[in-house]
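Here's the structure, in structure tokens; my notes come after.
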There are 4 protein chains.
Amino acid sequence: MAGNTFGTVFKLTTFGESHGVAIGGVIDGCPAGISLDLDKIQEELDKRRPGQSAIVTQRKEPDTVEFLSGIFEGKTTGTPIGFTIKNANQKSKDYSHIKDSYRPSHADYTYDEKYGVRDYRGGGRSSARETACRVVGGAIAKQLLPQISITAYTASVGHIKLDKEYKDIDFSLIESNPVRCPDTASADKMEAYIREIRAQGDTVGGTVQCVIKNVPKGLGEPVFDRLHAQLGKAMLSINAVKGFEYGSGFEGTAMKGSDHNDLFNTDGSTRTNLSGGIQGGISNGMDIYFNVAFKPVATIMQKQQTINSKGEEVEMVGKGRHDPCVVPRAVPIVEAMAALVLADFWLLNKLSRI
Amino acid sequence: MAGNTFGTVFKLTTFGESHGVAIGGVIDGCPAGISLDLDKIQEELDKRRPGQSAIVTQRKEPDTVEFLSGIFEGKTTGTPIGFTIKNANQKSKDYSHIKDSYRPSHADYTYDEKYGVRDYRGGGRSSARETACRVVGGAIAKQLLPQISITAYTASVGHIKLDKEYKDIDFSLIESNPVRCPDTASADKMEAYIREIRAQGDTVGGTVQCVIKNVPKGLGEPVFDRLHAQLGKAMLSINAVKGFEYGSGFEGTAMKGSDHNDLFNTDGSTRTNLSGGIQGGISNGMDIYFNVAFKPVATIMQKQQTINSKGEEVEMVGKGRHDPCVVPRAVPIVEAMAALVLADFWLLNKLSRI
Amino acid sequence: MAGNTFGTVFKLTTFGESHGVAIGGVIDGCPAGISLDLDKIQEELDKRRPGQSAIVTQRKEPDTVEFLSGIFEGKTTGTPIGFTIKNANQKSKDYSHIKDSYRPSHADYTYDEKYGVRDYRGGGRSSARETACRVVGGAIAKQLLPQISITAYTASVGHIKLDKEYKDIDFSLIESNPVRCPDTASADKMEAYIREIRAQGDTVGGTVQCVIKNVPKGLGEPVFDRLHAQLGKAMLSINAVKGFEYGSGFEGTAMKGSDHNDLFNTDGSTRTNLSGGIQGGISNGMDIYFNVAFKPVATIMQKQQTINSKGEEVEMVGKGRHDPCVVPRAVPIVEAMAALVLADFWLLNKLSRI
Amino acid sequence: MAGNTFGTVFKLTTFGESHGVAIGGVIDGCPAGISLDLDKIQEELDKRRPGQSAIVTQRKEPDTVEFLSGIFEGKTTGTPIGFTIKNANQKSKDYSHIKDSYRPSHADYTYDEKYGVRDYRGGGRSSARETACRVVGGAIAKQLLPQISITAYTASVGHIKLDKEYKDIDFSLIESNPVRCPDTASADKMEAYIREIRAQGDTVGGTVQCVIKNVPKGLGEPVFDRLHAQLGKAMLSINAVKGFEYGSGFEGTAMKGSDHNDLFNTDGSTRTNLSGGIQGGISNGMDIYFNVAFKPVATIMQKQQTINSKGEEVEMVGKGRHDPCVVPRAVPIVEAMAALVLADFWLLNKLSRI
């Protein structure tokens, strides 16, 4: 049950259900002396916020973070940073219809099986609303590591792929479109496809790619806490994620060692980067890049057969205001989780040698 | 640095370098009263052992585990289980040539950068030899959970794929060939390809698929310690792993929600299983299945350009006895890590409700 | 820095400064299905509240706890329980005089040395106000373990001692007086002494004794997480605590083994209980009892020499409304921390054997 | 059950029973680059060894530590340090008589209640033999912190007290006598008393005092992981310990704040040190000192009534070779546990501020 804390020395603990009083969290282990830019934190939250564009859920939630502790005269004090985000818009009636029924491919059934009780309002704890707290934590982690740049973007929506290598991406284009795809042509296709899917009352999946630049060498704690292992866990802990690969990933499995090895330049950098910036679980200073797979949102606006808690067949039609594709709003969450991992390992690496 | 423990309440801590006195570990949190079959544990180790077939490294290492504590009159006592595996065959001279040079795509460079010192004998701590201790831990975890069956096998070698759905696999064929592929035709192709690659002094990657049956419902601790997030971390912590996907994985991202959702039968099982036995991070009782991507082994028997610790260009030819393809020997390691994850969550789940 | 979480599987994380917006916490790992009596939780808080009697600080703080998550329709859901307590009465001006000066025997100096920055308002994080969150956590832990009774009381104030064995205490008298001493004669003396001390603008220490009845056998996780070791840490983590002893404690060191050993009755209980209900770090089913030493409050209403952050000598007179003796208000905190320890070990003990 | 690891980032995990093959441990999180003096580690072990003088148990155990990993060319590598200590002298027959009986005030009964199975040979895991591994861990922690001096000594045996303030102790006298009391007159009395007690087939308790000098300011992680709270837990986790107090301890509870406060000198040091070098849970640079209470050893050479596992009354006479007083051999264990706590907090403090 105690699975709501992430990190070893830079720790984020989150709490809250989608339709409770508030969600929130505690960051423990943030060093003292960081001048926090609170507006930047809110900006990250706004990137995740519902209703930000025509192709995401139209729910109205301001998602304003309030900090309760750990910051004094604009600086972190080294004490825990507590924060809350009020649940402004609690349309519980939208969810009354699932009180006794299990939505297919949702967590309703498994929560009931595990806990014997479930907050059925909007998925309760299993709702992706919880990820707003991760964005707050990640935004603070980013300010601890200003030199490191963490950039995520939409790499595919359904079958439509961004056909560019991470090296050739123009990051300035990411926010130029609601899909967050740094290629205008692909972005247009993706947006059109999302509108088409939504018109069908359906949903679609996609992938997010993340690139991390200016990573210090030495981050990662083998053998179990390898940098990419923790990044993988971080991504897989995000709602709807089905897969993670870094560097050459699954494609690399078909390569020969003689083609796959990254030969060194004399400065320690490598000519190629199929390793994805990580060797033996430790960063080597090259760019880190990875892909995260998101399944199609389970809540569709079509009629579905399902069962209720008595095991009786019932019919269900999705209500509420959901995302036809989770990927555009997942981009800031991927960045946030990556930042949390890097902050933790950056601190731990200070202990590697005397 | 403290990254050598895996698990929350069922904990495996490992230690040891490839060419030190011994490797070993401690399992803390194993419940009392389990009648351990020590031969079964050694059998698992033998599946990982070098020299077991013509297509793996010909190093001679008996890899005999010795238990030092935690077992009395054949039963676990609830106290920590300490064990060691002697390093019988320490051919250090094989490695003297890399004392000052960095092998491309190995951990030599990153360990030096992180720790400022490195046990250069055979990769030291970064050697896959460490995984033998994981196999011991996993073999004990399996005996804690006899009802659960965990089965891994080779799903691809290079471009050669096992073209079968996990549901249609005949597990009895896995050990019928040195590749551990449960399809004779594919196995023959894979073996031939590995021999060809080795003849070139080269290496190749591949994928391992793992299927877990008879999983109790309720395993997994959201929001961060989702069952698949921890499985992903476990797999990504294995040497040479580049990716992890479960259920519909990366392919599922191209699907529509209406096709992807797993509709319920009245008994709570689902008609399809694109969820891969996990919903909301918690097991739903259906089969869990996932794929693990392994890169080609970095040590090749061809001449390579590289650099030494002074940053000078040097030439290097791989020595020692290495695997042309790591996948066949990775199969028991994948099973072991999965068993460790399940044991931990199975215990934690006893605390989910009063 | 990450020192604000207590517990292994039943975890309390707290945050908040005495004069910030609010203090609060998160309880992660509380099993689902507990019907929580929220009034009882508030009652425990009220026992700790300032202004509750003539002999404690007259600060006015309602200390009303608001629960934000983890409770649905009156029951715990197995998800994290987040809560806040607003800081109603922020008399910051009372503290402006210590902005640059260090109060003797306070944490002002050490926080500045450690963090390089300090929330000087009322001691910030080092204020005992933080313990209100522990009382909330402990009150929930008590409801998880209704069968176990945890009772603390004042055993001494300055040189005035309660001269009774724990076995002979009438618990019903504890709340009959503001000192929380279960002996009317001693209570009167203690109260008079506290009034006298306060009239001098001075403070005094004392001890709290705690008795735990109906403890299940088997609680405690040797070798390091012995039941009494964790109880000791819990008590020593409370502000102003200087010592902990259980069972025969320090006096027992002068005894002979032949007098100190607790001989068994045939039902496994013992004729004497110098072991204090714990043997080998594990509860044996007998009453657990221990003493906690509290130093005199450091803030006195007398003129004192001290230094400022520039290292200059300055004079200081205590301001604000402080406790002349912390012991009466410490009683519920001792109970709360004991409850947190027992809840954690009670859950962990479910994992001791198959 | 997972209670066999101590520390947050500098972690010691121990395993082993008194009469198994070997005891041992793993230190994970020791920084790379420490030139280890292995002889010094063995010296610490020898101070704890049985048979070292006429007044301790005459068991013959060489207690030679063998390091298996984590050290290369004399230096720590940052990887886990595994070690074992063989159980040379396994006089199991000495213990056959307790196979089915419970020794009064031992852990026999509670281990059976908790685990349902028990290694009855010499107390198994509950034997103080396990503390040898702590001494190894502590000896390495001491070499990580050469500037800090940690000195423990016998402060009382039974009713015989060392009547000196910690400030006035001549540490050079500690090893001048088998009792490890730095006052010759008191040492003689103590030794005579131990001989007298042993002649009666009885045992006696005592106290150990520990003084830590040259402590960096800033060690300790409030609110729960206060420096003294962790020291207290460390000491209370040692076999036979019943109490812990630091600074003014229990006596300080009778003092007034005006007498108890430590006034500052302009350099930040304090004129008095009733705080015991710790304020608000954080070291202030002054000497840390504390007392640890040890009960009389439970195994006596006299006839005792007890019960067997069937709940039948039986008679028992202690066999084997036991310590009449555990205090002299406890001195190095107290130092070791203090060193482990300081190493952990010294590393954590590197993360306190940017």
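Placed from the backbone N, Cα and C atoms, the Cβ positions cover glycine too.
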**Item:** From B:Arg271, B:Arg321, the one annotated by TrEMBL with B:Arg125, B:Ser126, B:Ser127, B:Asn239, B:Ala240, B:Gly280, B:Lys295, B:Pro296, B:Val297, B:Ala298, B:Thr299 for FMN
**Value:** B:Arg321
**Asked** Fewest other CB within 10 angstroms, which one of the binding-site residues B:Ala240, B:Val297?
**Response** B:Ala240
**Prompt:** To the nearest whole angstrom, what is the C-alpha distance linking B:Ala240 (FMN binding site) and B:Arg48 (NADP(+) binding site)?
**Reply:** 15
**Prompt:** Rounded to the nearest angstrom, how far is the Cα of B:Arg48 (NADP(+) binding site) from the Cα of B:Lys295 (FMN binding site)?
**Reply:** 18
**Span of B:Arg125, B:Ser126, B:Ser127, B:Asn239, B:Ala240, B:Gly280, B:Lys295, B:Pro296, B:Val297, B:Ala298, B:Thr299, B:Arg321 around FMN - largest C-alpha separation, Å** = 44
**Asked** Roughly how many Å separate the Cα of B:Val297 (FMN binding site) from that of B:Arg48 (NADP(+) binding site), to the nearest whole number?
**Response** 16
**Prompt:** If you count Cβ atoms within 10 Å of the Cβ of B:Arg48 (NADP(+) binding site), leaving out that atom itself, what do you get?
**Reply:** 25
**Complete:** Taking only the CA atoms, the spacing between B:Arg125 (FMN binding site) and B:Arg48 (NADP(+) binding site), expressed in whole angstrom, is 18
**Fill in**
CB-CB under 8 A to chain D: among binding-site residues B:Arg125, B:Val297, B:Thr299, passing residues in order are B:Arg125
**Request:** Go through B:Ser127, B:Thr299, the listed binding-site residues, and name the one with the sparsest Cβ surroundings, counting other Cβ atoms within 10 Å.
**Result:** B:Ser127
**Message:** By the criterion CB under 8 A from chain A, which of the binding-site residues B:Arg48, B:Arg125, B:Ala240, B:Lys295, B:Val297 would you report?
**Reply:** B:Arg125, B:Lys295, B:Val297
**Message:** Can you tell me the CA-to-CA distance separating B:Ser127 (FMN binding site) and B:Arg48 (NADP(+) binding site), as a whole number of Å?
**Reply:** 14
**Complete:** Cβ atoms other than its own within 10 Å of the Cβ of B:Lys295 (FMN binding site), all chains, total 27
